[in-house]
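Handing you a structure now.
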Amino acid sequence: MGDSLDLGKCFEVINNLVTEAGQLIACNNETRQEFELKSGDIDLVTQTDKDVEKLLMNGITKHFPDHKFIGEEESSGEAGANKLTDCPTWIIDPVDGTMNFVHAFPHSCISVGLKVNKVTEIGIVYNPILEQRFTARRGQGAFYNGKRIQVSGQKDIKKALVTSEFGTTRDVEKMKVVNENFAKMAKEVHALRVLGSAALNMAMVALGAADANYEFGIHAWDVCAADLIVREAGGVVIDPAGGEFDIMSRRVLAAATPELAMAISKVLTQYNPMPRDD
Ligand code: LIP
């Protein structure tokens, strides 16, 4: 099935759909938003999250009726996430940075990745509020608003600007590790930043604006697109313990260079979020 898939058409379709869906985010970002709670009091969903996910899924299905989905809001329902198979599967976060969106802090994005035979072929991370569009196709480089981008090349942890997040849970064990890692990293790195969107953090690594990003607790839809964008920009994406990146493990470490990734990995206290995404 994947062999005959026109990936150029897939890219064109999703690039147009995120532009359309982005308007729903941009036009609602002038005021604070109503929200509902998901897994806890800092895990939020708005009507816009649901509307954007629906618009993207309906639009994709119109062109590619047999494609599958793993979408953040659909996966939060009782049935849970769809299993990743070899079928073309769109992994969608309709609003990554929902907390920012709720507060009208203009740093949220749509994140969409397409996997075929479990390999990511397309990645788009799009902040429609500030018109920041990061795109990649496997083997064809990474782009910011149409211009080719490259990671910084930074190898030295002491000179690195690193991003991470508090995450969307106040689980005591998890918070202990998060705070311990912030304290340890703050002593090692040049600068530490917490901006509120896992996908945009990784996009900043691809852009060369940040040198690395790590997080325990992310989901497949937060990182699928940005993983490809970072790698196509010449960076590395690995498991925070130093092994291979596993998109379902809820753990990620992206960096400009393997040297920097390994240096950060050595500093981090490890954490295994449960349940996994599969
Ligand atoms: C969230 C990110 C947040 C990160 C969480 C989660 P959501 O996505 O924006 O910064 O810490 O792991 O990925 O819930 O806003 O789509």
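Sequential numbering from 1, following the chain as shown.
Cβ atoms here come from the backbone N, Cα and C positions, even for glycine.
Keep in mind that TrEMBL annotations are predicted by a computer and have not been checked by a curator.
Pulled from TrEMBL, these are the listed features:
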- Glu72, Asp96, Asp222: Mg(2+) 1 binding site (BINDING)
- Asp93: Mg(2+) 2 binding site (BINDING)
Where does Asp96 (Mg(2+) 1 binding site) sit by DSSP, helix, strand or coil?
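Going by the DSSP assignment, Asp96 (Mg(2+) 1 binding site) falls within a strand, counted as strand.
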List, in sequence order, the same-chain residues at least six positions removed whose CB sits under 8 Å from that of Asp222 (Mg(2+) 1 binding site)?
Asp93, Asp96, Ser111, Ala198, Ala199
Using all protein chains in view, find how many other C-beta atoms are within 10 Å of the C-beta of the residue listed as 'Mg(2+) 2 binding site'.
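Counting Cβ neighbours of the residue listed as 'Mg(2+) 2 binding site' within 10 Å gives 33.
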Since the record lists Glu72, Asp96 as binding-site residues, which of them has the fewest other Cβ atoms within 10 Å of its Cβ?
Glu72
Around the Mg(2+) 1 site recorded as Glu72, Asp96, Asp222, what other same-chain residues have a C-beta within 8 angstroms of the site's C-beta center?
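Sorted by sequence, the hits are Asp93, Pro94, Val95, Ser111, Ala198, Ala199, Ile218, His219, Trp221.
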